[in-house]
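Q: Below you will find the structure I want to go over with you.
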Amino acid sequence: MFQVQKELASHEAVVVALFEEEKTSSFVQELDKAFEGQLQVLLEEKELSTKKKAISKVHSLGKTDVKRYYFVGLGKKESYTTETLRSALGKTFKTLQAAKVQDAAILLDSFVTEKLDAIDVAHIAAEVQGLGTYELQTYKSDKKDRVELEKFTAITAEDAQEIEAALTVGYVHGRATNSARTLVNMPPNVLTATKLAEYAVELAEKYDMDYKVLEKEEMEELGMGALLAVNQGSVEPPKMIALIYKGKEEWTDVIGFVGKGITYDTGGYSLKPREGMVGMKGDMGGAAAVLGAMEIIGELRPEQNVIAVIPSTDNVVSGTAFKPDDVITSMSGKTIEVLNTDAEGRLALADGITYAKKLGANYLIDVATLTGGVIVALGNHTTGAMTNNEELFEQVLEASMETDESIWQLPIFDRDKERVRNSKFADLNNSPGREGHAVMAGTFLGEFAEDTPWVHLDIAGTSESSGAHDLGPAGATGAMVRTLATLVERFGEE
């Protein structure tokens, strides 16, 4: 699909950057000659806009070998960022998709500034080509034909091999994010814990990773009472899924991803209202993020050891379901008083974290659609983070800045720990109250990370979008897939 060339050839469409300071770049000047001065007229009359994310289409009318030019406004260079570029190109690729373009080129060097080099631009272009044109996988009987971009050429004077490598990495990041989106969008009667485990096994086998899928009996032997409690009411068997990627000869410096895999959450006996229940098929967004990251890792083969652990079940009501006031024993040996069966994700993750440590994780990053409280605190565009290790958090933060997936750190104070430890009957309680809900959930998980460096990522607000946006349609976003993979790719760098 991807090609790199030094000279512009015949294409259906060519994408060109327009900055406010460079309305008459060398390329535009040359092209204007072919258009007999008409481009300059369009610029002067503002028919070609330099405004951020403005897309101006110009037909060549046979004056060049290119059928149509798409000029992408990027505003002033001083305010040009990777986020601006991602949004602008995402919108552009959506426009090309709507026009059913199959052969497009991007004038890569027109997007290069002192802030962003050609490799950065190539990576982002290939990434958002996939993200921006992603479509929901539906179950409608009337299937519409989709015209795909078959040929995408980067025009640049830079080294072709380096640009090809950047295009490949960007493409893999975009495709894996879309894989995660598809998982989150699947209905709960299709994506059960068993089906999620089957998907994970297929992924592991494709990329020659080791894997384990623990069944209920094995979980009982290991004392995974927290996950098993959540599963008590279900007819669907639980799964504890583990993928093991060995990027080094020695099993050291192991990064452990733990993704919440609740395939549907009714709230249990702490039942959600109807409005709060619809959409809870997406409560396995953390699991999807982890699997998406493992897809990237499998493709790119970084020299880093990684474990991905996914505790998976649904949380439903029945005569056997767990109840408020139950006391359960987690794999760690710590006992938990259940005050809220709708705070089930942290119970599943507690055993997932302990199991990741058992498998050898030296660093822990858990990802979960955990609390509505994080949405109240940070909205729908920022992931909440908590940590017991600032050095590890800084690496996660840097990765998120590279991928434009914003995160914000929330605190853990001793008084927060006292609240989750406040129980007359057990070591911990699973829900101290509504105040500081997002912080309480993260603090609870920290009790199981203990001294292992750990970062908690609450993606309840960022896992799905209520409306279409420049990087995709309404629905699942694939939040944190690219950040987790970038963390692994950059881990330990100075």
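Cβ coordinates are placed from backbone N, Cα and C, and glycine is handled just like the others.
Predicted, not measured: the structure shown is a model, and the values here were computed from it.
Checked Swiss-Prot, it gives:
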| type | residues | note |
| --- | --- | --- |
| ACT_SITE | LYS272 | active site |
| ACT_SITE | ARG346 | active site |
| BINDING | LYS260, ASP265, ASP283, GLU344 | Mn(2+) 2 binding site |
| BINDING | ASP265, ASP342, GLU344 | Mn(2+) 1 binding site |
Q: Listing them in sequence order, which of the binding-site residues LYS260, ASP265, GLU344 have their Cα within 10 Å of that of LYS272 (active site)?
A: ASP265
Q: Given the Mn(2+) 2 site residues LYS260, ASP265, ASP283, GLU344, which other residues of that chain have a Cβ within 8 Å of the mean position of their Cβ atoms, reported in sequence order?
A: VAL230, ILE262, MET280, MET284, ASN315, GLY345, ALA348, ALA368, THR369
Q: Give me the Cα-Cα distance between ASP265 (Mn(2+) 2 binding site) and ASP342 (Mn(2+) 1 binding site), rounded to a whole Å.
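A: Each residue's Cα considered, ASP265 (Mn(2+) 2 binding site) and ASP342 (Mn(2+) 1 binding site) end up 8 Å apart.
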Q: Compute the C-alpha separation of ARG346 (active site) from LYS260 (Mn(2+) 2 binding site), stating it in Å without decimals.
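A: ARG346 (active site) and LYS260 (Mn(2+) 2 binding site) have their Cα atoms 8 Å apart.
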Q: Taking only the Cα atoms, work out how far ASP342 (Mn(2+) 1 binding site) lies from ASP283 (Mn(2+) 2 binding site), in Å, as a whole number.
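A: Answer for this pair: 12 Å between alpha carbons.
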Q: Fewest other CB within 10 angstroms, which one of the recorded positions LYS260, LYS272, ARG346?
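A: Counting other Cβ atoms within 10 Å of each of the recorded positions LYS260, LYS272, ARG346, the minimum falls on LYS272.
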Q: I need the neighbours of the Mn(2+) 1 site defined by ASP265, ASP342, GLU344. Which other residues of that chain put their C-beta within 8 angstroms of the C-beta centroid, in sequence order?
A: VAL230, ILE262, THR266, GLY267, GLY268, SER270, LYS272, ASP283, ASN315, THR341, ALA343, GLY345
Q: Between the binding-site residues ASP265, ASP283, ASP342, GLU344, where is the Cβ count within 10 Å the lowest?
A: ASP342
Q: By the DSSP assignment reduced to helix, strand and coil, which category contains ASP265 (Mn(2+) 2 binding site)?
A: strand
